[in-house]
Amino acid sequence: MQIMKANYLVAAVALLALACSLASAYDPSPLQDFCVAVKDHASALFVNGKFCKDPKLVSANDFFFPGLNVPRDTSNPLGSNVTAVNVDNLAGLNTLGISLARIDFAPYGLNPPHTHPRGTEFIIVLEGTLYVGFVTSNGDGNRLFTKTLYPGDVFVFPIGLIHFQLNVGKINAVAFAGLSSQNPGVITIANAVFGSDPKINPDVLTKAFQVDKNLVEYLQKQFWWNNN
C-alpha cells in the first residue's frame, strides 16, 4: 500500500511538472470545435472557453477534483476507461491551458487510435506494460513511432497526431496523462469515420478505404464504443 501511495505521488509530481512546461503552448487558441461569430451580443451563448466566476465567490473546491486513485470499470469492448479531468469538471482549469486524465486498462485493453486537436499529450505509466505509438502527418510520410512502456516511463504524443495505447500484459495497467489544453478535445478515428451522425455516404468511405461497399455498410451499423 505504501508503495502504491508513493507511485501515485511520483506520478502526480511528474504530471504537474510536465504539464506546466506545456501550459503556454496553445491556449488561448480555439477551445472548442468552432465558435461562430454573432453581431447581436445578446444572442451569444458561448465564449472561447468558459465565462469567469466572480473572483470573490471562488473557493478551494473550484480547484479540486477527488478520486483519481480509484480504479475505473474496464468491462467494455475496448477494455479501457479514460477519466478526463478538464475544464468541464474542474472549473479552476479555465484559462490555465492544462488538463489531465487517468487511463485504466484491462489485460490486453486498448485506448484506440484517436487524436487531440487542441493539445499535446504525455503519459506516465504507473502499473502494467503498454505498447504506445503515434503516426506522423501525410507530409512526413505517415511514419509510425512506437515504444513499449513500463512503470515510471513517460511518452509524448505531439498535438493533433493519431495515437494509441495497448496493454500488452496479462494484468491491469494504469497510466496518467497530461495535456496542453484545458479542453484538448478527442476524436476517436473509428467512431468518427464509421459512427458519425448522420452517417457518411458509404460511397465516400468505399473509395477512401478501397474496400467493398458492403463492408463499409456493415461497419456503419456497428456500435462504436466511446471510452472517453
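Glycine too: its Cβ is placed from the backbone N, Cα and C atoms.
Caution: TrEMBL annotation is automatic and unverified by curators.
Note that the structure is predicted; figures quoted are calculated from it, not measured.
Per TrEMBL, the feature signal peptide maps to 1-25.
According to TrEMBL, the feature disulfide bond maps to CYS35-CYS52.
The domain 'Cupin type-1' annotation in TrEMBL covers 66-217.
Sequence-distant contacts (6 or more apart, same chain, Cβ under 8 Å) of GLU121 (oxalate binding site) comprise VAL156, PHE157, HIS163, ALA177, GLY178, LEU179, SER180, PRO184. Positions annotated as oxalate binding site by TrEMBL: ASN111, HIS116, GLU121.
A simple way to gauge crowding: the CB of HIS163 (Mn(2+) binding site) has 22 other CB atoms within 10 angstroms, across all the protein chains here. If you look up TrEMBL, you'll see HIS114, HIS116, GLU121, HIS163 marked as Mn(2+) binding site.
Across the fold, the C-alpha of CYS35 (disulfide bond) and the C-alpha of HIS116 (oxalate binding site) stand 18 Å from each other. The oxalate site, placed at the center of the C-beta atoms of ASN111, HIS116, GLU121, has further neighbours from the same chain whose C-beta lies within 8 angstroms: ALA101, HIS114, THR115, ILE123, PHE157, HIS163, ALA177, LEU179, PRO184, VAL186.
Counting Cβ atoms from all protein chains shown, CYS35 (disulfide bond) has 13 others lying within 10 Å of its own Cβ.
Those same-chain residues not listed among HIS114, HIS116, GLU121, HIS163 yet with C-beta within 8 angstroms of the centroid of the Mn(2+) site C-beta atoms are THR115, GLY119, PHE134, PHE157, LEU161, ILE162, PRO184, VAL186. Counting other CB atoms no more than 10 Å from each candidate's CB, the recorded positions CYS52, ASN111, HIS114, HIS116 peak at ASN111.
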